[in-house]
Each structure stands twice: as structure tokens, then as C-alpha cells.
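Here the structure is laid out as C-alpha cells; the discussion comes afterwards.
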């Protein structure tokens, strides 16, 4: 659908007609170009990388050997699995308790509704601080436990408020008629409210999922055992800090014993970067159209 | 809701506006009326499923937010991990006195504030400009495409963003590589303390400028087109319309976000700095959060680290409250107004 210009609006000037598309293309390019280079390099052979003297811009001689090497067991495969499981379990858990609490707080006039809402909103104002948080997680015995990557960050007050606002907008008549038919609160939530709230559930789910997938700081604080590292920690160690990876079973850095032509180091590195991006790219198109609707409230409030 | 949104621009926004405004929907009123003369026991019998639903979140917030907040008492202790909170001695404000006489601490404060200032100057206007530009594009196809692309980096982790910057402008990156190929001296923009502030601001722009645009686009969509038409009939050209209609329409959002950013002056993000601290050095890359992390956890000086964290928390809280009060004063709804 293309909107036409209003009658009273001037014809675009030559500068506007050429400049605008140019600027927009430039902006899109600035975002897309690094991703492009990383993907192309990750798919290049040793010769291509050597000839380019580093990152490859013009793709020639493509191969997936870097990915085969990374995904055939070893540090990256393990970290990837850990990240995937943490993301799935964490998102399901967070989304579940957020939906429940958002509905529980969405009925004004219910018992303790105000003080409980206050308890949630107050968390916006201050954070507990790194050191006391660490001490609590430590005291609970969660150091080096995957639960430390989920539980401390499980509730986002921001997501909860966004979802509650949405629930409060559902017409009361629907809920009342369900109650007259004898439905309890859980049934109303499951059968009336949730089916009407797919957009906000999708957006909040994406926020949680991206949060878990990208989480790095909790792992840095709470996971000392490097065989339990999620993918972001591997990225930091191997790519940002340029340190060798801790070689668990089937060390990645060499590729020895895999019976493959070893992929060049840089292609391997860029393949790790790509692996960290891909899940985001996969879910993004499905949820993107809900942003405008779902986020505005939160963007202003948060 | 300060931005508001015209009802047709998404029924979600409209509905939420209605309920989060001053007047509740009918449900609220009927429920409140039904509550009228009810005793506690009756209300409990009616509402216990709702309380049960809120319980998991309250427990988690209690354990991982409120309880650690109380744990800040170790800022006033000579805390020893072996003795624990109960076994450690209270030493009053000694940790704070030491902190205030520590040049490294003030360096971290100064770095934090400079980065906030740089972000206000170089980051803040960009989403506004971007929204104005995109809003002036007629084709909705182009608009959606560009939005889809510029929102994307917001969903990347900081580790990823820093990795990508490193590959582009780092010592072994594409820029250095191209310069070397053409016989120039290679540069490494990732390790220069002098330009570190510009580097982190550029990273923030790359990651979040597109995302920051959403709010302004929403505000733009609420401006009544009839205003433009009337102005055009009165002979206002495009620039005058921008100046007299568009910008005043954006003013409430701009003021609100500006105040919010000032309220968050001591928070500049965490991961971004911890990731780059070793490459650039603590002189330029140490901010308050990384200072707390290094002094508290890596050096193992828990009480001192907690004191620095508490200082940041309390000053931050005051700033946010002042900012919110200020937002109310200039006639905006503010952030933490109860809905």
C-alpha cells in the first residue's frame, strides 16, 4: 500500500527526491554491511581468507567446513546447546509467571491488588546491586548451576506491566459473561484472555527469549566452570578477548581428529559470530510486525 | 500515556490508553462496586486464585530483588565472606570515607558522567532525526523495510556488537586491512583511550538508534493531519510546517525522554564497558558499574564494592525521582505514575 501525497503538499525537490533514498540506503547499509562481511568470511576457504588478507568482502570459493567443524561436537556445540536450552526453558518459565501475574494484577478492586502492584513497580526504581545479588545467589548454592542464569532474571517488571496493560484493555463484558457461565479465573485466563492476547504474548516472549539468548553478565558472575559456559561467554573469550577456547572434548581450535580439512581460524571465528546471530534472525520476521503495537506503551513507560 | 496514539493506529494502544488514563473501564467500576461492603474473608474467597497467580512473581522478586537490597548493609561492614553478614563487624561509614578519598572512584564517576553527556549530545538527537526522515517517506513499503533493518541490532547482544565493531574497525579488522593494502598505517580504533567515548557512543547508536525511533514514530502518527492542511492553506512551506507543527507535536516525548536520560545519568550500561575495559584500559573505560564489579568481586573487597554500588543506587534513585517530579512539573505524565 502506497500513500499518495496530499494535494496541498509541495512537489519534492531534487535534493529530497535523490537525497532521501540515498540516506536511507546508507543507513540500511551501515547495519547490514558488517553482517554481510561476517557471513561471507565464515563461508570462505583458507585460500580465500589468506588472499583477502583477513576478512573477505567478495565471496569466492565458498564452503561450510567452518560450520561442520563447529557443530560436530566440542566447545561451541556444547555452548550452543546450553544457550538453546537456557533460552527455551527460561522463556517458557518467565512467560508463564508473567502471564499469571499480569492477569492476577489486572483486576482492579481485587484483594491486595494495589500493594502487590506497588511491589512490582518499585523494582523499577532501584536495583539491588551486584555484590548483594552475588552473595544471595552464592548463599543459595546456585553458583555454577544453570538456575543462576534463569531465576535472578526471570521477572521483568517492564514486560509484566506491558502485558497487564494489555489485559486491562480486554472488554469486561467478555469476562463477565464467562463468569456467569461458571468459569473460574484460571479458565477465563486460558480460554478468553490468552486467545485475545497473542500479539502481546509474542512480543513479550521475544523480549524474554532475546534476553536469555544474549545474557552474558549473569554467566560471567555466576558460572565459573567453563564447561558450562553459554555461547555469549564463548564469543567473549574467543572473539573479543582473542583467547584460546578451553578445549573440552574434541577441541575446536584445531579441528584435529575430525577428518576434515581444518577451516581457517578467522572463518571459524566468524562462524561463531553467525551462530550467535542466527536464532535472532529466525524469530525476528515473525514478531517484528507486532512491535509497533506492542511496544509503544512500554517504550514510554520504561 | 504521553505519546498517545490515534485510536486507529492499533487498537492495543487505544485500549491501554483508555484504561491507564484517569477513568478506569467499566470492569473496574463494577468490581469496585461489588467490593463495596464485602468483608476480608469474602474478598479472599473470591480473589484467592488471583493472589495465587501473582505468588510466583512476588516470591522471585522477594528473593532476587528485595532480599539482596537489604543485603546492602554489608556496605557498612568490614564484611568477611566466612563470617557472613551476622558475623561481620559494623564499621559505620568507613567504606564510604575510603571511597570518597579514592581517585579511581572519582575517575569512574567522571567517566560515567562524560559518557552520559556524550550520549545526550551525539546519540539522543539521532532517533528523532531518523523518525522525521522516515515519516516523510511516502511509500509504506520502504518505511517498513527500513524499520525492519534498523530495529534489528537492538536484539543483538553487546558481545556481538563489540565483536562486529572489532571486525570492522579493530586492529585486525576490515578498516585496518584496507589501509594496509593501500600502503597506509593500520589503525586500531578499538584500543584508543582518547576516542573511547566516541567509540562507545557509536556502538550505542549502531545498536539502539533505530529502536529509539519507535517512540517518536508513534508520536508522529498522532499529529492531526488537518493541522498540516490548515497550515499549508495559510501558506506555510514544508520547513515552517516542520517547525510549527511537527516539532511541537514531538515536544512532550522529547522532554520526557530527555528527563529520563538525565535521571539515569549514572547508568551507562554494563556489558559494553566490561567487555572493552581490558582492551582500552581502566583509565577511560572504568564506569561506576565496572568499578563495583572489580573492587567488589575480583578484588574480593565485598563491603567496599557494596558501598560503591549503594552510592550509585541511592544517587540514581534520587536522580530518577527528581527527574520524574520535574517531568510532572513541566506537565508530562512522568514515568512512574500509577496506571
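Start at 1 and count along the chain as shown; that gives each residue its number.
Using the three backbone atoms N, Cα and C, a Cβ is placed for every residue, glycine included.
Of all ranges given (A:116-137, A:226-247), TrEMBL attaches the label transmembrane segment to A:116-137. Feature transmembrane segment, per TrEMBL, maps to range A:266-287 of the set A:46-67, A:266-287. Within the same chain, the transmembrane segment (A:21-39) stays apart from the transmembrane segment (A:149-170): fewer than three Cβ pairs sit under 8 Å, each pair at least 6 residues apart. Take the transmembrane segment (A:149-170) and the stretches A:80-104, A:199-223, A:266-287: counting Cβ pairs under 8 Å, A:80-104 has the most. Residues 35, 38-39, 41-46, 49, 54-55, 65-67, 69-70, 76, 80, 84, 87, 202-203, 206, 209-210, 213, 231-232, 234-235, 238-239, 252-253, 255 of the same chain, all 6+ positions outside the transmembrane segment (A:266-287), place their C-beta atoms under 8 angstroms from a C-beta of that stretch.
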